[in-house]
Every structure is written in structure tokens, then in C-alpha cells.
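For 12, the entry in TrEMBL reads active site, nucleophile. Annotated Mg(2+) binding site per TrEMBL: 12, 14, 177, in sequence order.
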Ligand SMILES: O=C(O)COP(=O)(O)O
Ligand SMILES: [Mg+2]
């Protein structure tokens with residue numbers, strides 16, 4: 001079923017447009033080694049991505065997706081600061097666009113859609129990644145995990161984007177790889193498209209019932225047909 005009357009496409013970043021896990025895992029492991037701890041395989045760290053930098057570090061210090069509630073605050077503060085420093089130095093070293101992302105984004109833009117990014121990643125890292133991967137200038141709005149008082153799965157970033165683009169919730173679609181994206185869309189009463197190749201804690205994204213689910217980014221073109229010019 002075609003998603004009619006859409007004007008604005010809101011994209012998640014990590015796991016949707018960019019495979020950023022190699023650089024995130026490198027910075028997490030540099031942090032752990034700096035603290036005298038054991039590193040984890042990239043495949044493990046990948047499943048901890050999705051709720052922003054602080055949660056990534058809490059999971060890394062806990063060695064598990066479920067955070068140890070007893071972690072000392074000073075350790076957490078120090079580890080987060082060390083991680084942010086390491087990540088700033090390698091933010092786009094090994095990160096790559098997923099297949100068909102750039103061509104599809106350009107095709108959607110050419111069809112008249114306006115594009116934004118809503119990520120849980122700290123905002124300051126987004127522009128260097130987009131620049132490094134040849135996507136600068138494509139997105140009109142970037143909201144990071146620290147841009148507002150709430151982040152996905154809370155609907156606030158989605159509402160904020162609607163307001164910024166001066167469109168209604170019905171005119172937007174949220175596109176992402178994680179349940180946080182789909183749950184935020186549902187909470188905002190917005191349509192959503194899921195992508196199965198990213199990071200979703202090794203869980204099945206279909207459970208959250210996005211309007212459409214694709215294993216290839218190019219799938220978007222089959223349900224978004226471009227903006228109709230007024231007659
Ligand atoms: O950095 C994260 O934790 C997740 O970022 P995302 O919202 O772009 O997937
Ligand atoms: Mg994501």
C-alpha cells in the first residue's frame with residue numbers, strides 16, 4: 001500500500017543509513033581498555049546501540065544490554081567522557097553507508113520530499129558522519145539524542161520535526177531500524193517504515209508492526225511515490 005500525501009521523511013541514522021557499529025565498537029573498546037577492562041566483540045556492541053551514548057556506555061560497563069543498577073556514578077561519568085573523546089576521533093573511520101542509501105535518498109529528494117534526521121546519537125557527531133559519507137546538504141533538519149529533553153522512543157523529536165517543517169503528523173513518515181523508531185512513530189501517531197538490516201537488539205522488528213518493512217533501503221521507493229503537484 002502506497003503511503004499517500006507524505007511530504008517529509010524522517011530518517012534514523014545508525015543502523016538505517018549508516019553502519020556505524022565498527023566505529024562505535026572501536027571507541028567503546030578503547031574506553032574499556034583505558035579503564036583496565038576487557039573489550040567486547042563488535043557483534044556484541046552492535047546489539048547495545050540504539051538508546052544513545054550514555055546507554056551504550058552503561059551497557060558496556062555492565063557487559064550486558066540490561067544495565068547494572070549499582071554502577072558507581074563517577075565511573076559512569078568518567079567512562080562516558082572518555083568514550084566521547086575516543087569516538088570524536090574515529091567517528092567516520094570505518095562507518096559506511098548501507099547499500100542503495102545515497103541513490104535512494106537523492107531519488108526521494110528529486111521526487112519533492114523534504115528530509116530530516118532523528119537519531120539518538122549525540123547531535124555533534126551527526127554532521128561529521130554525513131560529511132564523511134557524502135550526504136551533507138541532503139537533510140534540512142538534524143535532531144540528536146541530546147537535542148531535546150526526550151529522545152526516541154518518546155515522540156517529542158517527531159513532534160518537534162513536524163513543527164519545524166510546518167506539516168502535520170499525517171504528512172510525515174519515520175524510517176528506522178530499531179523498535180525505538182517504530183515505537184516513537186506509534187506514540188506520535190505517525191506512519192513508519194522499518195529496515196531489517198540494522199541494530200534492533202537481535203530482536204524481530206516485525207513485532208512492532210511498522211506500516212512497511214524492507215530488507216533493502218531501495219524498498220522505500222516502492223511505497224513513496226513522490227509529491228503530487230497541486231492541480
Ligand atoms: O546512537 C544510538 O544509540 C542510536 O542512534 P540511532 O537513533 O541513529 O539509531
Ligand atoms: Mg538506528
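Placement of Cβ uses the backbone N, Cα and C atoms for every residue, glycine included.
A quick note: this is a predicted structure, and the numbers were derived from the prediction, not measured.
Around the Cβ of residue 177 (Mg(2+) binding site), the same chain contributes 12, 14, 15, 16, 194, 195, 196, 197, 198, 199, 200, 205, each under 8 angstroms and 6 or more positions distant in sequence.
Using the Cβ center of 12, 14, 177 for Mg(2+), the list of other same-chain residues with Cβ within 8 Å runs, in sequence order, 13, 15, 16, 17, 18, 50, 119, 176, 178, 181, 195, 198, 199.
In the structure as shown, the Cβ atom of residue 14 (Mg(2+) binding site) sits within 10 Å of 26 other Cβ atoms. The 10 Å shell around the Cβ of the residue listed as 'active site, nucleophile' contains 28 further Cβ atoms across the protein chains shown.
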